[in-house]
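Okay, so here's the structure we're looking at.
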Amino acid sequence: MAGLDGVVSVFPNEKRQLLTTRSWDFIGFPEYVEREYNEYDVIIGVIDSGIWPESESFDDKGYGPPPSKWKGICQSSDFTCNNKIIGARYYRNDYGEDFLKNNILSPRDTTGHGTHTASTAAGNPVSRTSMLGLGHGTTRGGASSARIAVYKVCWSDECQDVDILAAFDDAVIDGVDILSVSIGGKSDDSIHFMDAFSVGSFHAMKKGILTVLAAGNFGPKSSSLTNFSPWAISVAASTMDRKFVTKVKLGDNKIYEGTSLNTFDLQGELWPIIYAGDAPNKEAGFDKDSSRNCSANSLDIKLVKGKILLCEDRIGPSEAYRVGAVGVLVQGQKSLDTANSFPLPGCYLHSKDAAKVHKYIKSRRNPVATIFKTYESNDTLAPMAASFSSRGPNNATPEILKPDLTAPGVDILASWSPMSPISQFHGEKRKLEFNIVSGTSMSCPHVSGAAAYIKSFYPTWSPAAIRSALMTTAKQMSPEKNHDAEFAYGAGQVDPMKALNPGLVYDADEEEYIRFLCGQGLDMSMLLQITESIINCSERGYMIPRDLNYPSFAFKVQRPKHHLNASSKRTVTNVGLAMSTYRAFVTAPKGFNISVTPDLLSFTSLGEKQTFILTINGKMKKSIGSASLIWDNGKFQVRSPIVVFDERAVNGASLYRI
């Protein structure tokens, strides 16, 4: 098939995953900020699981007709697009009767995911919202006046590459300005940039469309990024200063704090509590060791019904519901930075506290406990990289720092499809119009909304220029509080207000990315698949990754204590003050010297370009070192992160700061 005339490329049709508000205020972007009327002309394409058009977030009151550039369609028989949702398509390559039992062949969202991401990126402000009282306030999108175009590629079972790539190409033809894609695959399948996300976002970049991608939910393992194409933005997830706390009280009056989204009220009543290992379903062949995790059908209903259940695995709530438990306590080994809804009163406890609960159960003849309703508390450590957020370095080109930046992705309240329960646990029947969920799927549309906001002020800026503005103005995060440093959060937390005035930008175009791909050793057929053009690399030239005109720097050494002597060339474009002079300020990791030549850049006009070379020399002490370059003219500070790391970081070893 690949050899047939008219066939540009052939690749395996992989199955993909959806990566699932205080948040905008937390990043310094209040509701009433300066907005350009042009924001009404900005179109955000959301490639996801569809949309719930009846949500208040997508009401079109006050909107005029779609922008004249819009060429899309409304492919739907069960709802009508309006002047907010100006287009909607759906994609499904194959389906059968079983598929139709759980899905609607329409852009309508039946899972909630696409509605959540679309409203986070561009939803109207909706006041007095909450998830059953939690997170009460106003939900809104970053570019709340922008239009939305929906491309449904994800269904109850999967998201297929063939549909994703078709959606990218339709969105480009339709006339979107920004693409928001909260979907990811495996962390190693885009090694040559020939997956649907890399190819689709390259096609979009050629037409001046910026693609914003979720980094993935495979953290905290290093080199676990699912999306890292250098012509798109890869967004990590971080916490904000609101967290949800659930308390558990035992019969001895000891109280333990965990986390969940528990809206059920036991009114402080104490109930019998039992350890799952003491209630095996022996008739089904389970024993104490196999029942303690509360896997499906592992528990004896007669022993558990009417009691609070202590499980050793996060799958426990479904089984707890099946056997009629009053509540469930879930023992976890990982960080407690996300809260989940359970179909019954529940709380996620850290292993050390769960062990104390277990000890109490064993020490009493009639142990009792209760679970209180969740309340909101202040998280003074925020922003922190979320435990689930995928980490760099990326497997394809580790000397291009990914992720690019981070945004709130933990416990985000946004619109939801009332066709979908608020959690995926067995027994969950609550269906709401707003829901709280976590993931890089939630952080991605924060950056999409911010990018659309910038696009409304600078409609002619390239995708690379917008990305540069977002990265060089990001809020610097603490590497002391974030174990994996820049490989967890990139340039830092997005700051849309500061990104409006970056001063300088690191721009790049299709030609530069082609030279970069040539430098990666891709053959002509691979290049054709990505670029849709016949490329002769000997004519175009070759570029090493560290010379790509990127707003960050990454240098890899082969082993600890290995001497590094390397340089990177960059070009900046003046978008601030016509007459301005910038001086370079550099911080360097211990054991290294970093210099910039020239260290003074003088501009006499807007759009003027200046080139410099950054040189690093020294010897590694440990696996990773962080530094930065700041160009400062007294008004604008243009910051680029610098990372030095050894081969162990690429191979998945733990990262340590020096």
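Cβ coordinates come from backbone N, Cα and C, glycine included.
Look at TrEMBL and you will find 41-492 tagged as domain 'Peptidase S8/S53'. Per TrEMBL, active site, charge relay system is recorded for D48, H113, S441. As annotated by TrEMBL, domain 'Subtilisin-like protease fibronectin type-III' applies to 547-644.
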Rounded to a whole angstrom, what is the C-alpha distance between S441 (active site, charge relay system) and H113 (active site, charge relay system)? 8
I'm trying to understand the geometry here, so how far is the Cα atom of D48 (active site, charge relay system) from the Cα atom of H113 (active site, charge relay system), in Å to the nearest whole number? 7
Using a 10 Å cut-off, grab the number of neighbouring Cβ atoms around the Cβ of S441 (active site, charge relay system), all chains included. 30
Quick one: average pLDDT across the domain 'Subtilisin-like protease fibronectin type-III' (547-644), no decimals. 94
Composition by DSSP (helix, strand, coil) of residues within the domain 'Subtilisin-like protease fibronectin type-III' (547-644): 1 helix, 63 strand, 34 coil
Among the active-site residues D48, H113, point out the residue whose Cβ has the most other Cβ atoms within 10 Å, with all shown protein chains included in the count. D48
